[in-house]
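Each remark here refers to the structure printed beneath this line.
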Amino acid sequence: MDHFLSIKDCSADQLEELLELGIDLKKLYKSGARDLCLEGKILAMLFEKPSLRTRMSFQTAMIDLGGQAVYVKTEEDAGGIGKREPVKDFARVLTGYVDCIMARTYAHSTVTGLAEWGDVPVINALTDFSHPCQAMADVLTALEVFDKLEGIKFAYIGDGNNVARSLANACAKLGMELVIAAPPEHMLDEESVQQANSIKADSVSQCSDPFKAVEGANVIYTDTWVSMGQESEKQQRIKRFSGYQVNGSLLGKAPKDCRVMHCLPAYRGYEITDEVMESQQSVIFQQAENRLHFQRALIKYLLAR
Ligand code: CP
Ligand code: NVA
């Protein structure tokens, strides 16, 4: 594995190895020990969009492992990737300075272009298309909570977006099931569903009824109805998603031990209620913390093996 661009490009063995490493490093760091395997290594963190979790967890992970991270707000600091200079130049220049590139971009092709033209590992830190680091932290959380992944059912309620797409691939690769409940206009595209089902038959399905989706679910998952870059569609989206809120009445239709996940940031009162976020069933902040534990494993895996 040279890069981490998409879950579908990784084998199940690689994903399992990353999860195991994440759990081992979590234990190590919780015990107060350190693993300074990235001494002298530098990560470039390129951002076209805002971030709290992804930026902080990658930066902290680099510091934890003895390396350093440089944060670049690409539009403000570098004139935009592909604007002031083309992606292929951007990639080759950074290759001469750093050991790894992590990028959060609008176009997915920007991240794949950096991987194509650069000569160091490139990590997808969210594009309009996918968010693989998030899905792996989610899976790590499920593994901690249920002590297994095989047979776990996720019900994803809301927008069939970048987060849903990566979760679909993670479920297919790791023996889980995903049911997406979304308004017809916002379901995950059929190609992505088929692609996940070609990894494991019948692992991903869609419906428009959230109450049906949560039947027998181990995890109810949701994300914002308005992703970064879709702000102009906000009013229309709020109307379309109005029946897709994760609230007490939806949670009541799921098994009693069902957990709730959200990748954050959350818009309380829209896709999720305050009551559900603060409930005993929410593992949302464990999930957020696990961004760090997965990211630490990922950069060690890419840079220090
Ligand atoms: N979940 C997530 O990626 O959060 P940030 O946008 O804050 O990085
Ligand atoms: N779907 C959201 C995820 C934020 C972490 C977005 O792309 O804005």
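Placed from the backbone N, Cα and C atoms, the Cβ positions cover glycine too.
The domain 'Aspartate/ornithine carbamoyltransferase carbamoyl-P binding' feature in TrEMBL is assigned to 3-143. Each residue in the domain 'Aspartate/ornithine carbamoyltransferase carbamoyl-P binding' (3-143) has a pLDDT score, and their mean in this model is 97.
Long-range Cβ neighbours of L264 (carbamoyl phosphate binding site) (same chain, at least 6 residues apart, Cβ-Cβ under 8 Å): L52, R53, I284, Q287, A288. Marked as carbamoyl phosphate binding site by TrEMBL: R104, H131, P132, C133, Q134, C263, L264, R291.
Per TrEMBL, the feature domain 'Aspartate/ornithine carbamoyltransferase Asp/Orn-binding' maps to 150-301.
Taking a C-beta cut-off of under 8 Å and a sequence gap of six or more, D223 (L-ornithine binding site) has these contacts in its own chain: G158, D159, N161, V163, A164, H262, C263, E271. The L-ornithine binding site annotation in TrEMBL covers N162, D223, S227, M228.
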* Asked: Looking only at Q134, N162, S227, which of these binding-site residues has the biggest number of Cβ atoms within 10 Å around its Cβ?
  -> Q134
* Asked: Once near-sequence residues are set aside, which residues in the chain of H131 (carbamoyl phosphate binding site), 6 or more away, have Cβ atoms under 8 Å from its Cβ?
  -> N124, N162, V163, R165, S166, C263
* Structure fact -> For L-ornithine, residues beyond N162, D223, S227, M228 with C-beta within 8 angstroms of the site's Cβ centre include exactly L126, D128, H131, D159, N161, V163, T224, G229, Q230
* Asked: If one looks at the chain holding C133 (carbamoyl phosphate binding site), which residues at least 6 apart in sequence have a CB under 8 angstroms from its CB?
  -> F4, T54, I123, N124, A125, L126, R291, F294, Q295, L298
